[in-house]
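Below is one structure, written out as structure tokens, with a few remarks after it.
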Amino acid sequence: MPLCDDDSTSKTMHLMGDFSAPAEFFVTLGIFSFFYTMAALVVYLRFHNLYAENKRFPLVDFCVTVSFIFFWLVAAAAWGKGLTDIKGATRPSSLTAAMSVCHGEEAVCSAGATPSMGLANISVVRPAAAEGACSR
């Protein structure tokens, strides 16, 4: 942020708020899903007879899979909300409103171009599309 004084110095601004929780939840769920999938694959391939003989294993596997599907939906929604919060915090009009130098009577601040959020939008669309494909 420019200070608009005689020294032409600038000051670093930091975004207000913590936007990391939805992303951390999403990544953590992905890691746990990967570990569960690897464990289930070992049971399916190596201990198939144990899985086929015991009627409890398929039911537990089904319940855990349904739980992961539910939490994946929650994580995708949380990441979508987190992305919306990031977009709001980084909107040029929000940034200029947060700059103290723009509150002066003689100050003229313009918002500039809106940043491109294409890849961020794709990061929310991809898990939802993958989830929809798996439910068919």
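Placed from the backbone N, Cα and C atoms, the Cβ positions cover glycine too.
Taken verbatim from TrEMBL:
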type	residues	note
DOMAIN	1-136	domain 'MARVEL'
TRANSMEM	25-47	transmembrane segment
TRANSMEM	59-79	transmembrane segment
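Across the range of the domain 'MARVEL' (1-136), the DSSP-based residue counts are 96 helix, 2 strand, 38 coil. Within the same chain, residues 57, 61, 64, 68, 71-72, 75-76, 78-79, 127 sit at least 6 positions outside the transmembrane segment (25-47) and bring their C-beta atoms closer than 8 Å to a C-beta of that stretch.
Averaged across the domain 'MARVEL' (1-136), pLDDT for the predicted model comes to 79.
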